[in-house]
Amino acid sequence: MSNVPLVRKAIVGASLAHAAPSTHPNPTAGEAQESHWTPAALERAGSTLKALNRMAKRPPVHIFFEDLTYTVSSHKGERKILHNVSGEFRSGELTCILGPSGAGKSTLLNILAGYNSNGVNGRIMVNGHSRDMRIFKKLSTYIMQDDLLQPRLSVQEAMKIAANLKLGKELGNAEKELIVEEILQTLGLWNHRDTMTEKLSGGQLKRLSIALELVNNPPVIFLDEPTTGLDVVSIRQLVVLLRLLSRQGRNIICTVHQPSASLFSLFDRIYVLARGMCCYQGSPDMLVPYMAEAGHICPTTHNPADFVLETLLGNLESMAQLSELCLNGKLCKRPNRIMTRGGRTPVLHSDESVQRIFSEHVTKDQSYKVEFPTSFWTQFIILTSRMLVQNKRNTISHWIQFFHHLLSAFLLGSIFFDVGNNAAVPVVNFKFCLSCLVFFMYTYIMIPVLIFPLQVRLLRREYFNRWYSLKAFYAALTVSSIPSMVILAFIFLVITYFMSGQSLEWDRFFLFSFCAILIAMCSEGLGLAVGSAFSVTNGSIIGPATAAPLLALACYGMGFGPFIETFMKYLMSASFLRYGVTGFAVALYRDRNVMECDQDFCLYSDPKLILRDLGMEEASYTIQILGLIVFTTIHRTLAYLALRYRLTTEFSNKFMTYISKFLKHR
């Protein structure tokens, strides 16, 4: 822990040396650290960031691509987004992909990061070898434009979870804590370590997104529009930070829409795209002479970034001219050496040197053969703990669900008050069973349909960056929802069961409750399947539309059970709700004594007659429970498969395009 004070001294010392006198004599700790987070402080703090060096050495990673094309298919035919672009991004450099809207910046970044692969042609090389995505994903990280972070966690908690997942047994707990603390110190987040992620500012969110991915010291970092939504000061601080991180040997590639003149000069390499063509590649200082060579003279007082965008915007002739001048990215305008504060860093041009780096650090490093740093069970425990903590802190959701179950229970209890042991109204009591069935079905189908699509967006970032396996996440998701489900279901069942006057035999109450909880779990699985495959809007339609025919099959045959056709019996067995309502009826009426009758004659005083007319006379409670368990397994397996393919970008794009076309034609 000896390096931590050095980091504090570096940050505070640099800030005191450069800070102007403050008019506020007693700033808060958070305000003090924000004002101290200057470029000079970053440079000094970064030099003391030693904890990451304790980890396995990461090789310098150089990326080369040639004649890269990207084609998408639509109902109007194929459309080419990238047109045979080439380029090279090197370790130790901060690269900016620049271009007007629709130029293909994010598309190129997605392809280089491995996020998109369908419809891509061309060659992508890593350290002189064809890119192997199994290895490359372990060497790179992708920070997407939307700062989607896990809610209801503090900054430090989020960092510790990331460290435990991404470092595994590589380091001990003390070293992990040191890494977390030093990263937070360097990125100016230490005084906000106890702040919940949803309360962070835009700049702090972006820095935390970077901090989470820095934990395992990736040599390649991709960032999509990292400056979007930030103020001028936060943008400059962020770019200075990225420059600092690149100086530690990382290859950092980001897209920026329109950088200021001062920001433009901070990048080591500029890659200009327009209409899917490369119009310039090289250092910022060489852009103005390059434009002049093509006959475009940049005014002295003009921002070079603005000038090149204005020149290219809507001017197809200039695009073609500049693209031809740099051979669509195959020529790079830059000095042979990059000047840094630490001295001169020569640019490697020898393929032999690059191949030697690759062979020594990648192909012979056995650790890259392991898919994840941690085992399935370690991931499962960490993710389950995280989800339980998040669920516990989601107090608003808890209160909403609590009052939903409570008010619904009293409403149903009032409607069906004291009908459970009355032989004169057996149909009304069966309606009580159906009402409970509908309550559990719609409640637990709609919750994941409305909530899970947002979780999929969070999952996509963490899963793509190889934090954990999808199996571990899904298992943790399944287990973490059970405690609240059981507690809320028990509250609902206690109220409705006894208000409706059901049999006061505890074994019947247990059987009824167990069946209800299985219905809830089965419904949740169906909701997860819908939420995994569709957006909130489409899922809100498809979820109830799927449940309606299943409910109709569950109710069929009421009153003429012995006369249900054979084919309808098979069709009814395809509805998990049929098993649920049958389980309710069997739990309430099987082997029950004669029921009370407040009239001269009650046909259904014998509960056996009720089961007979419902078509459930031969039904076994065990079979109904097994049926619910089977359907729960089927639904959750479908949800897992839908989620797995949703995270496969190619499938997701094709599937969503098809669904969109179908809905439009409807």
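Every residue, even glycine, has its Cβ placed from backbone N, Cα and C.
All annotation found in TrEMBL is predicted automatically rather than curated by experts.
Taken verbatim from TrEMBL:
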- 17-36: region 'Disordered' (REGION)
- 63-300: domain 'ABC transporter' (DOMAIN)
- 399-420: transmembrane segment (TRANSMEM)
- 432-452: transmembrane segment (TRANSMEM)
- 472-498: transmembrane segment (TRANSMEM)
- 510-535: transmembrane segment (TRANSMEM)
- 541-563: transmembrane segment (TRANSMEM)
- 570-589: transmembrane segment (TRANSMEM)
- 621-643: transmembrane segment (TRANSMEM)
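The recorded stretches the transmembrane segment (472-498) and the transmembrane segment (399-420) share 3+ CB pairs below 8 A when only pairs 6 or more apart in sequence are counted, and are therefore in contact. Per-residue pLDDT, averaged along the domain 'ABC transporter' (63-300), amounts to 88 for this model. Within the same chain, residues 420, 429-430, 433-434, 436-437, 440-441, 502-503, 508, 511-512, 515-516, 518-519, 522, 526, 547, 549-551, 553-557, 564, 607-608, 610-611, 614, 616, 619-621, 623-625, 627-628, 631-632, 635 sit at least 6 positions outside the transmembrane segment (570-589) and bring their C-beta atoms closer than 8 Å to a C-beta of that stretch. Remote same-chain residues near the transmembrane segment (432-452) are listed as 404-405, 408, 412, 415-416, 419-420, 485, 489, 492-493, 496, 500, 516, 519-521, 523-524, 526-528, 530-532, 536, 539-540, 543-544, 547, 551, 554-555, 577, 580-581, 584-585, 588 (criterion: CB distance under 8 Å, separation of at least six residues from the stretch ends). With a cut-off of 8 Å between Cβ atoms, the residues of this chain six or more beyond the transmembrane segment (621-643) that come close are 456, 459, 470-471, 474, 478, 511, 514-515, 518-519, 521-522, 525-526, 528-529, 531-533, 573, 576, 579-580, 582-583, 586-587, 590.
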